[in-house]
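These come from Swiss-Prot:
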DNA_BIND  54-122  DNA-binding region
COMPBIAS  175-187  compositional bias 'Polar residues'
COMPBIAS  189-204  compositional bias 'Basic and acidic residues'
REGION    30-52  region 'Disordered'
REGION    169-204  region 'Disordered'
Amino acid sequence: MFRIVNGEDYSPAVQQRNSLDFGKAPSLLWTDNGGSNDRCETGGNGRESGQDRVKRPMNAFIVWSRDQRRKVALENPQMQNSEISKRLGYDWKMLTEAEKQPFFEEAQRLRAMHRNKYPGYKYRPRRKAERPQKLLPADSSVLCSRMHIEETLYPFTYKDGCAKATRSRMESRLSHSQPTNITSSLLPQEHRSSWTSLSHDRVT
C-alpha cells in the first residue's frame, strides 16, 4: 500500500509538535552516582523497570579511601586508577587499629542508617557475563587427529561394536584405493599374514 504524503506534515508547527511528543517518551535512563541509589527506568519490561537499585553501605576502607583516592589522584595525575587502588590498599594495611577505628565507627553508623532506611534490603550481586569457551589449542587438535588416525589403522583394540564398523569401513576403503603392499604394511602384525595370503589367492 502507498501512503499519500501531505505537505502540511513538514510544516514548522507539525515538526515542533512531533519533537515535543518525542520528548515525552516513557523511556528514561538515569544514574545518580552521588546518592545512595542507582535508578534505571525503562519503558519496557526490564528487570530494573520502575525499581531502585540500592547500593550497599560503605565499609571502613571505602569511607577512608574516598578522600585519600582524590588526594593521591591530584598528587599523581599520571597514575592509573588500578595503581591508585593498589597504593590505597597498601596504605590501609599500614594504618594502626587506633587510626582505623574512626572509620569503622563511621561505617557502623552508615550501616545503621541504611538498615533503617531500607529494612527489607537484600544484597543481590550482579551476574557476570559468561565468557565464551576458549578454542582448543594446537596441541590438543593434533592429539585428537592422531587418535583418530590410530583408531582407523588399529580398530581391533577398541570395543567390538566400534571395531566391526571401523574394520569394515577400512577394508572397503583400502580395497578400492590402496595397493596390496601398502595395505599390508598398514595392518597390525597379527593380521598381516592372513591379509597377504588372501591377496595371493586373488592373484593366482
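Numbers run from 1 along the shown chain.
Just so it is clear, glycine is given a Cβ too, placed from its N, Cα and C backbone atoms.
Looking only at the DNA-binding region (54-122), the predicted model's pLDDT averages out at 92. Residue counts of the DNA-binding region (54-122) by helix, strand and coil are 51 helix, 1 strand, 17 coil (DSSP-based).
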